[in-house]
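Report on the structure given below.
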């Protein structure tokens, strides 16, 4: 599943490509891709004619403001979305493609959106778990996209710090990796970046969360945000399905310290990286560097 860096990469691509984008036509190729009340019929009706404003990311969710007229943003904000919100979750294999010329859709195309110039934004999803929502104007996105209600703080926010983690993890016996994967504790982290950040922080993924000291939690917070920052700069990670809006792979995978490097020598100490299942997730770690 695309994690925070991959979703942020997509957000930036959409923000760049969809400047002054007015939706002229929408085609839903698979009904289950639309998760909001009213299904595809209402989704199509309410998006057609709308101007797409700012793209936001919350955890692994994407949201675009919709406007009846072109949104004239100030330095600090843009007008309220009088057309509501357009929400997206890529899930396992969802990806956006940009097509300037007319082309036939592949079998896994789920939603097609054209502007007035007949340029197409295409949503392709092999596993068909990706979802879209239309949120009516005047409603907070989380009232319709209910998964937003459960999200913890963003890793880059001031709310995510060692004091916060210490309170949330106090007395917990579950492995720290499992805690980091919990979206109600920190939004956006997934299997790749939990492995990478725990390695950077020199913490074993099996360590009971509640046993970590304040200094270790502070180091973990710093390492997680730094790993995410580096991956965003590399355009995310591609091991299978992820591509950005232009079809380009993410480049972080080649820089990974432990993820998908089971059996290979640790880049720091040359100890073979271990791969095992922890809490049902493939987990990579160095038994020498992480104690």
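Heads up, the Cβ atoms here are built off N, Cα and C, so glycines get one too.
Because the structure is a prediction, the values reported are computed rather than measured.
Between the listed ranges 222-256, 257-291, Swiss-Prot ties the annotation zinc finger to 257-291.
Across the structure, residue 108 (DNA binding site) and residue 3 (active site, proton donor) place their CA atoms 21 angstrom apart. When the recorded positions 60, 108, 127, 281 are compared by the number of other CB atoms within 10 angstroms of each CB, 127 has the fewest.
Note: the zinc finger (257-291) comprises 0 helix, 12 strand, 23 coil (DSSP; helix = H, G, I, strand = E, B). Distance from the CA of residue 60 (active site, proton donor) to the CA of residue 281 (active site, proton donor) is 18 Å.
Comparing CA positions across the active-site residues 2, 3, 60, the one lying closest to residue 127 (DNA binding site) turns out to be 2.
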